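Engineer: Below: one structure in structure tokens.
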Amino acid sequence: MLSVSPTLKLIISRTLPLTVGLFAIMLVQLVDSIFIGLLGLDELAVHGMTLPYQTVFVGLQVGIGVAATSIIARLLGQRQREKAALVATVSVTFGLVLIALVCLLFWLCRDVAFSLFIAEGTTPEQANLLGDLFNHYWPVWLLSAFSIAMLYLATCIYRSYGDSKTTGTMFVIASVINLILDPLLMFVLDMGLAGAALATTLGYSSTALYMYLKARGKHWFSPLGFSRSTCHALTELVNTALVTTANQILPAVSAFIVMLLIAKNGPDTLAFWSLLTRFESFVIVFTLALTMSVPPLVGRYLGEGRWDKITDLLMVTAKFIVLFHLATATMLVLASPAVIPLLSQQANIQSWFGIALLVLPFSYGPLGLCMVAVSAFNALGMPKQALLVTFARLFLLFVPAIWLGGLSGNVTHIVIAAAIANVLAGVVASVSIWQAAIKHNRNRQPHNRIPQTGEVVVS
């Protein structure tokens, strides 16, 4: 039985600690969007405009972080602690400088960044109002994006040294600080949108500074100078990060295109989609944690040549994802009369959420299968297959579905199209990973290729 399976117990024990930190972040992001929604539809629409740019920052910091983690972990395994400390210093410095330069570029291009998401039918008065809100929000939001990168890169160093407890704790503390400051800055001090971004900045930057100071005390960093070893460390980091960051391009480009398509339907639809995106991240948080906990298990079994274990692991994970999301979707449908008013006070957005909660959650199971399949392909040293599955999900299914659904100008059609795309993506990914498992089971060899550093694709 699934409920008593030792494999399931192992999966849950590895996933729950990661879920706590991710849950805290997603919860605060959702509450953040709800608070912004209380300010008005225009504010929520402006907040939604930042989501595509956020994917750019996420792609850069995850790409650099994954590269840094893999290099540092390998050096520690070789007992080269001094070189590991140098790579940690170079990684954080390079990452923060790069993020800062991107922030500066986005600020200089603020007019273009705003105009991309203004629908043709928007009146000049509303466009001016949105523009004023955007110009006040944009610089503070960029500062918050930099602070998030600060904390993420710090957590990468800690995870490299095997300290995931501090990482989870700091994520929770940053989220709590953010949650406390949000209403104070937004409503009590009447800072509005800028208050939401400032709350994020203070929460994430304070915890990041603590982590850097603590890491320095542990001698996880070294003095940075212009030496041959520094250049070598930077070269190795950049070469690895180019691969990992390139694998982040697909989700970033997809999110940008989808937001452009959604924006054509007006500010109300943009506001709804912004809130729906946050809500979706919150609902699939356990699946996101699975994409982080399952690959190490797959990699370990791969090194042992235990394809029977890999097959069992993937089968149990697939069953668990489907059953978990079926249960979650059913609960959301039953609880929707109570949940929807908490998400928004706007009548049209509540109406759209009534359809979304009835349809979309039932597609998160197949979507979860796709996400875990991509992470499993990476762990198996099959990055091309992972890239193909990700490309198919985003550009052959999801983006065309949003385009087709949006042709009618009906939000309900967009939601239904997105759900169908998620289901088809799950089918494609499941067939792909299962074919790979069957192939390797038939031709099992004692020494399978171990995935190389930097071979990572994020769904």
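Quick reminder: no glycine exception, Cβ is built from N, Cα and C everywhere.
TrEMBL does not curate its annotations; it predicts them automatically.
Sequence annotations record features per position, and here TrEMBL assigns transmembrane segment to 20-41, 53-73, 85-108, 138-158, 170-189, 195-213, 234-262, 282-299, 320-340, 352-374, 386-405, 411-434.
Map the listed features onto the structure and describe their local environment.
Structural biologist: Outside the transmembrane segment (20-41) by six or more residues, the chain places 47, 167-168, 171-172, 174-176, 178-179, 182-183, 186-187, 192-193, 196, 199-200, 267-268, 271, 274-275, 278-279, 281-282, 285, 288-289, 342-346, 349 with a CB less than 8 A from a CB of the stretch.
Note on the transmembrane segment (85-108): residues 53, 56-57, 60-61, 64-65, 67-68, 71-72, 75, 138-139, 142-143, 145-146, 149-150, 153-154, 156-157, 160, 212, 215, 219-224, 229-230, 233-234, 236-238 of its chain, located 6 or more positions outside it, place their CB under 8 angstroms from a CB of the stretch.
Among residues of the same chain six or more beyond the transmembrane segment (170-189), those with a C-beta under 8 A of the stretch's C-beta atoms are 20-22, 24-25, 27-28, 31-32, 35-36, 39, 151, 154-155, 195-196, 198-200, 202-204, 206-208, 210-211.
For the transmembrane segment (234-262), same-chain residues at least 6 beyond its ends with a Cβ under 8 Å from one of its own Cβ atoms are 48-49, 51-52, 55-56, 58-60, 62-64, 66-68, 70-71, 87, 90-91, 94, 116-117, 269-270, 273, 383, 387, 390-391, 394-395, 398-399, 402-403, 406, 414, 453-459.
Residues 10-11, 14-16, 18-19, 22-23, 26-27, 29-30, 310, 313-314, 317, 321, 324-325, 328, 332, 361, 364, 367-368, 371-372, 374-376, 378-380, 450-451, 459 of the same chain sit 6 or more residues outside the transmembrane segment (282-299) yet have a Cβ under 8 Å from a Cβ within it.
Panel annotation: around the transmembrane segment (320-340), residues 2, 8, 11, 283-284, 286-287, 290, 350, 353-354, 357-358, 361-362, 364-366, 368-369, 372 of the same chain, lying at least six beyond its termini, place a Cβ under 8 Å from a Cβ of the stretch.
With a cut-off of 8 Å between Cβ atoms, the residues of this chain six or more beyond the transmembrane segment (352-374) that come close are 272, 275-276, 280, 283-284, 287-288, 290-291, 294, 314, 317-318, 321-322, 324-326, 328-329, 332-333, 336, 339-340, 343-344, 386, 389-390, 393, 411-412, 415-416, 418-420, 422-430, 432-433, 457-459.
Within the chain, the transmembrane segment (386-405) has long-range Cβ neighbours (under 8 A, six or more residues past its boundaries) at 247, 250-251, 254, 257-258, 261-262, 370, 373-375, 377-378, 413-418, 420-422, 424-425, 428-429, 432, 457-459.
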Engineer: For the transmembrane segment (138-158), give me same-chain residues lying six or more residues beyond its boundaries with a C-beta closer than 8 angstroms to one of its C-beta atoms, as numbers and ranges.
Structural biologist: 50, 53-54, 57, 60-62, 64-66, 68-69, 72, 88, 91-92, 95-96, 99-100, 103, 106-107, 110, 113-114, 164, 166-167, 170-171, 174, 194, 197-198, 200-205, 207-209, 211-212, 215, 220
